Amino acid sequence: MTGDLSPIDKAKFVAAKRAADLVESGMRVGLGTGSTAAWLVRCLGEMVRQEGLKFKGVPTSTRTAALAREVGIEVVSLDEARWLDLTIDGADEFDGDLNLIKGGGGALLQEKIVATASDQMVVIADIGKEVETLGAFPLPCEVIPFGWQTTKALVEETLIQMDVLGRNTTLRMNGDAPFVTDEGNYILDCHLKRIGNPRQLAMVLNQMPGVVENGLFIDICDIVVIGFGDGRVELRDINAGTVEEERLDFVESDNLFSDLAD
Ligand SMILES: O=C[C@H](O)[C@H](O)[C@H](O)COP(=O)(O)O
């Protein structure tokens, strides 16, 4: 029950619940990945069951696809949907311009493709994800397995030249084996200093042959819905220049998500 949640999970929940209200019947909606996005998927499933909401969801990972089907959302592929009205996803960090670091859960590639194919991207996050300057969270970089050590050395050399490398990059592991993304790739986590010019860094990283995509989302996010542990939510719309605040009631949502898996 939401009453048993930690303040950080309450914050994620209220952000997700507020963002779920942006989804209208008939929409094609990108569904993000991660613990915050899992709240969203649960909220939307509840709206499908209780309120008859009808929309098509395009998941950004096999995990999200499984959860979406479980809660009764109609799941379609991006190729079927082609273009989306809205994508709602979590983030590892966001700054004042709504530039993001994503990929903590390893889904950055599908997430970036889906978000870019959407009229609007909405990020849902607890207030702890807001930063002055991106870079405290290690930047995930998806690389193809072939020659990954060579790619890693090239990435590190470039990061040194750009004076952003904090310490060596690390190959993300899953137990004793490399973590493998839904697309069959590896993830390098880049431990950086603060990123002064995220736009330039994103472009430079993507120019390297073994790099498939990086976790910097520049000029992609339009709205952030920030949740607080006491139930407050703040919706910031960067294009409209507006900020809305409200408080959500936990009681009405009791028992909804007691089996939350992610
Ligand atoms: O690859 C994973 C995604 O980019 C997530 O949206 C991001 O890591 C945030 O996840 P969480 O909501 O669990 O903090």
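Cβ coordinates come from backbone N, Cα and C, glycine included.
What TrEMBL lists as active site, proton acceptor is Glu111. As annotated by TrEMBL, substrate binding site applies to Thr33, Gly34, Ser35, Thr36, Asp89, Gly90, Ala91, Asp92, Lys102, Gly103, Gly104, Gly105, Lys129.
In sequence order, Gly32, Ala37, Ala107, Glu111, Ala125 are the same-chain residues whose CB sits within 8 A of the CB centroid of Thr33, Gly34, Ser35, Thr36, Asp89, Gly90, Ala91, Asp92, Lys102, Gly103, Gly104, Gly105, Lys129, the residues recorded for substrate being left out.
On a Cα basis, Glu111 (active site, proton acceptor) lies 8 Å away from Asp89 (substrate binding site).
For the pair Gly104 (substrate binding site) and the residue listed as 'active site, proton acceptor', the C-alpha distance works out to 12 angstrom. Lys102 (substrate binding site) falls within neither a helix nor a strand when secondary structure is assigned with DSSP, and so counts as coil. Looking only at other Cβ atoms within 10 Å, the busiest spot among the binding-site residues Thr33, Ser35 turns out to be Thr33.
Cα to Cα, Glu111 (active site, proton acceptor) and Thr33 (substrate binding site) are separated by 8 Å. Set side by side, the binding-site residues Lys102, Lys129 differ in how many other CB atoms lie within 10 angstroms of their CB, and the most is found at Lys102. Site extent for substrate: the farthest pair of Cα atoms among Thr33, Gly34, Ser35, Thr36, Asp89, Gly90, Ala91, Asp92, Lys102, Gly103, Gly104, Gly105, Lys129 sits 16 Å apart. Around Ala91 (substrate binding site), the same-chain residues six or more apart in sequence whose CB sits under 8 Å from its CB are Leu100, Ile101, Lys102, Val123, Ala125, Lys129, Phe217, Cys221, Val224, listed in sequence order. Taking the Cβ of Gly104 (substrate binding site) as centre and 10 Å as the limit, one finds 21 other Cβ atoms among all the protein chains shown. Cβ-based neighbour count (10 Å, all protein chains) for Glu111 (active site, proton acceptor) stands at 32.
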